[in-house]
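*Asks:* Before we start, here is the structure in question, set down as structure tokens.
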């Protein structure tokens, strides 16, 4: 029964990856067409374009790795497995930093705080987006290189695993992976929670101000607050289980866990990227309108 559940989780994982690939390809193509047509692109769309490309490559790599792992009857070289792991770590870290940068941009642009720091960020963050995107890539490259450096002290075994024989031995490399993940994800988590909290606080102040002035509080600014807040909250709901599941998958005792636990970890690990990509399309006016036209929902 548990084997059937695990097999179903693998099938669901493949389906979710296909959905994620299609969604991110859609995000990339729409923003690319807008960029080419108007010869300009907004700061948020520039981040979404970078995020779409990164997630498309990451999910494609994950899908290829899953298919290869399930279908291969031969032993897998440690170098090929290490290549998959390192590429996935770099792309995953880059995509998470891009989302963090997107949340920071929404927080700075939408909130109405009058603090000098916020006013300075409002004026200067948009022109700095290309450099900040490059910084995200460099940070991801640094954490990946840190993993490589630390893993040199505990090299991988020569061969990883056969389809029906031994399991992959990652006990020696677990410390380096945990350090890399914690260094990258903890700062991202703090920034995203802070951005969401500031946005919620700003929305509450805005509603109180509208009520005090005896005017309707549902206006374009309120709608922008709510839309960005929903996207951030849903991101955190998907991101927290994803981070835990991803970390558990690399723990030494993961290979000895029951099929049910492995299935749950697999589902949570693959649900985040496709789910958040769908949420981006739903909450982004241009992407939502284009998607409706494609699906023939527009009358």
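For all residues, glycine too, the Cβ spot is worked out from N, Cα and C.
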*Asks:* Is residue 260 placed by Swiss-Prot on the same side of the membrane that residue 4 is on?
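*Replies:* That holds: Swiss-Prot puts them on one side.
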*Asks:* May I ask you to name which of 165, 213 Swiss-Prot has annotated as N-linked glycosylation site?
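*Replies:* Per Swiss-Prot, N-linked glycosylation site applies to 165.
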*Asks:* Where does the N-linked glycosylation site label fall among 124, 164, going by Swiss-Prot?
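*Replies:* Checked Swiss-Prot: the N-linked glycosylation site annotation sits on 164.
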*Asks:* Roughly where does the topological domain 'Cytoplasmic' (284-299) sit in mean pLDDT, to the nearest integer?
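*Replies:* Here the mean pLDDT over the topological domain 'Cytoplasmic' (284-299) amounts to 80.
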